[in-house]
Amino acid sequence: RLVGGADACSGRVEIHYGETWGAVCDRNWDIHDADVVCRQLKCFCLSAPGGATFGEGAGPIWGDRVDCQGNESILWECPFTPQGPQNCTHKNAAAVICSGHGGPLLVDGESRCSGRVEILHENKWGSVCDQYLDLEDANVICEHLSCGVAVSVLRGDHFGKGDRPMWKDSFHCRGNESRLWECPTTWDQPSCTSNKTAGVICSGENWQLRLSNGGSRCDGRLEVFYNGTWGRVLDDSWDLNDANVVCRQLDCGSALQAYNSSQYGHGAGPVWLTGVECLGNESALHHCNRPPTGQSDASDDVGLLCSDGTEHMKLHLVGRGGHCSGRVEVYYNGSWGTVCDDQWDLSDAEVVCKQLGCGHAITATTLAVFGEGRGPVWLDDMQCRGNESLLWECPLVEWGRHNCKHREDAGVVCSEHLEVHLAGGDSECSGRVEVRYNGSWGTVCDESWDLNAASVVCRQLDCGSAVAVVSDAGFGEGIGPVWLDEVHCRGSESRLIHCDLFGGFRDCGHKEDAGVVCSGTSYTFLICETGACEGTVEVYSEGRWGTVCSNMWDIPDAEVVCKQLGCGSAVLAPHSNTRVGAFLLNNVRCHGNESHLWQCESDCWDREDCKSESDTLVICSGKETFLLSVFLNISTSFGKQGLLAEQGSIFCLVDLEIRIVEGPSLCHGMVEVNYRGVWGSVCSQSWDLKDAAVVCKQLGCEEPEAAPSSSQYRHTGGSIWLNRVQCTGNESSLWECQAETLGNHECNHWMDVAVICKVFRTLKLILANGSSPCAGRLDVIIGTEKATASDTVFDMRGAEVACRQAHCGSAVSIKRKSYFGEGIGLVMNNKHDCSGSEANIWQCNHTLRKKKIVEPSFDPWLGCVSEDLFQGGADACSGRVEIQYGETWGAVCDRNWDIHDADVVCRQLKCGFAVFAPGGATFGEGAGPIWGDRVDCRGNESILWECPFTPQGPQNCIHKDDAAVICS
């Protein structure tokens, strides 16, 4: 057989011996040997090339030194020498070129893919008249011979006249035929006036293409491999149609750019192609029209950028202002680099903003306004029109070619840019939050401003984590517009622009400007003793709190602390007899005129050689009174009135008042406190009878009967002053109790606390240990003792009554086996079911008995949901579960749907854990298909479709059975 040729009559000679095909060595291989092969294969012999002309074979080499006379009928009739270990390799594989259909052949050239054109006509070989052969005909000849494409047609006996007749046949090929005899032909034209033979040079056995000097194999300068050499392609009219064909041929997608201006530098070597004209739908470049080599005046190498070549190309903006303003940097060829500001203008910036999804360009900056970059300068002399979608679609010079330094780095400010900085603080990592939007600086309203939002700001500014949030213009009032109101961040965002933002100019004034203190700064605070401006000094640095050693502590040091905290001047600088925490500062030496403690001389942080082993104290004149707190290495918030600790703190409140409102008497109702002339409520987190006992005592009432939340009272709105009050019950006033402030607004007014002192009925229902007042273990208050409802008899009718009594709407579900932890003390055992119509559970029959907690089957878990929540979910973390499959959203059946399935949904949506797993179309009936039934999650899966389920069939669920979740 013949392998690797254009057809069955040309190729590498192989012999099948035993079970294996093997090659023949070209030693002594000549036209007589080839004659026998061609005759055996019923072909006409043309030539006998060696040297693995048709590629190297594999396997054994069966014969060497074949010596045919030429008249044998089969090859193995000829003498030959069997292959030995010292004989040929596959580089010496013999071949033949026969002609089974009259040619064509290229003879007397440098290789089988170049030479004078000869064809077999009436059993005679002859050349072709050069006036009847053009580039389309030559393309087919090259394709026929598996020689790639025609590089040129040479006229005037370029490869000699030969000693055979000249045929005057005219071929009319279109150029896309695979065999010459497929072309229309006019035989035996009247004359050949030139009397010259035609020659053809083909690109080679395969016309190889490559893109060089780019960032990947799919962008760069186009080069063609011919005759063993890579050469250039020059074309002044090179366009996207041409580039599309190359991208398709190289399996690089579609063309984004076609360059004919040495974008990727000037090539070297011979010019193999010029003037290519493609329609754009060709499968390979050699199918396009092109003039012979040398017929173009083009001087620039062509290049292109394919769509798959952009995977390695990226764009971002670097600076402290967010992802929509900064120094322009491009990732190319494995590294980030900058753009030079030569000719950089608003049109170039417009493309950058558009590409990054940052709106339109406001400013195109020059001279490294956003700081000098590092690495290469990738682009220079940009000339964008402004309507390009990618920066590298703009006309540009060669990648990496420039005459710039990094002091000329270009930048942009886009309209969607939200630059952030902190003003009015001690450092760039503390102060009033200001954002620059649409070219103007403005502030942020403190409504909904919390530690999550503060954490995002600190992260964006590279200032570590949030230490404190500031409200009520704690760093002074700003100027300009109030750009943002109702900022809602999860805390994990990298930039403030990624949070849910709302314009705040209609609702807020600068008295409500928000601020932040980040861990990248240092801060000084006082621990309260007897007043707002006296106490132990604590400092914060590098993410932790500590005290100041009293060594060398004196009035000038205290003066600086009082001044820094706005507490007037120093009165005393005593030493404490106790030590609160680790010493972070020692041997402080202030002159007294410094504005911050950090400006004073002191020993290094973390010194543990405090000889006095005591903390420093300060008593200030208190001309400017502030609300100060104990800090126990925790995040904090503080308002204009002073510092309020968020966790683990002791409030030192001064001159506060307390009252009961919205109740039937002065001893029964909602608790409110007055601070600095403003009445506010107390959050119910951690609120219990001990706290209520202190309130009752302070109000002159009898002992407490209950410490409920305020869901049964009309809410008055306003401030929420206290949270997580922790009284022992022995205090004489609420101000002596430990408490936290509500800096992050995690409480709403439906969580306000109330008290029932003495004479009022004792029984009160509580849903304990849940994620809200409407979910949890069902407990009741009986006198001063808690009782827990038994799960053995408590059913949905009882749950309906309990939810109604708790002002929590309708019952969603009930769980057993102490889902929210076991209760203690009494067990309320309903001997008779509630009818469901009672106003409260006290109207249901029940008895009470003492219980020791040993059986985990007790204590039901009850979930309620208000009526307005049923309308479709209160937010993105509650509602009917739907899955998109293909292009269609569909529901999930509630058969077997439980809290484990809901847990997976909540986890997947980053909504915490599952509170309820309701069914029965709790959030309304869906539309479209029901994609899944009998979902059976373990609860530890990360996405819902990791769980086993049954596909929906025609006899399965309907939309009245749609599953839903309510997440924490």
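Heads up, the Cβ atoms here are built off N, Cα and C, so glycines get one too.
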Please name the cysteine among Cys68, Cys98 that TrEMBL pairs with Cys78 through a disulfide bond.
Cys68
Which residue in the list Cys590, Cys610, Cys620 does TrEMBL annotate as forming a disulfide bond with Cys600?
Cys590
Of Cys667, Cys683, Cys808, Cys834, which cysteine does TrEMBL list as the disulfide partner of Cys747?
Cys683
Using a Cβ cut-off under 8 Å and a sequence separation of 6 or more, which residues in the same chain sit near Cys278 (disulfide bond)?
Asn241, Asp242, Asn244, Val245, Leu285, Cys288, Asn289
Give me the mean pLDDT over the domain 'SRCR' (209-307), rounded to a whole number.
82
Which of the disulfide-bonded residues Cys173, Cys340, Cys414, Cys696, Cys947 has its Cα nearest to the Cα of Cys967 (disulfide bond)?
Cys947
Neighbour count first, Cβ atoms within 10 Å, every protein chain included; then name which of Cys173, Cys757, Cys967 tops the list of disulfide-bonded residues.
Cys757
When neighbour density is defined as the number of other C-beta atoms within 10 angstroms of a residue's C-beta, which of the disulfide-bonded residues Cys183, Cys288, Cys340, Cys384, Cys696 has the lowest density?
Cys183
Using Cα positions only, nearest of the disulfide-bonded residues to Cys906 (disulfide bond) (Cys78, Cys183, Cys353, Cys499, Cys834):
Cys499
Counting distance between Cα atoms, which of the disulfide-bonded residues Cys78, Cys414, Cys489, Cys727, Cys947 is nearest Cys173 (disulfide bond)?
Cys78
What are the helix, strand and coil residue counts for the domain 'SRCR' (104-203) according to DSSP?
16 helix, 34 strand, 50 coil
Provide the number of Cβ atoms within 10 Å of the Cβ of Cys78 (disulfide bond), excluding the reference atom itself.
17
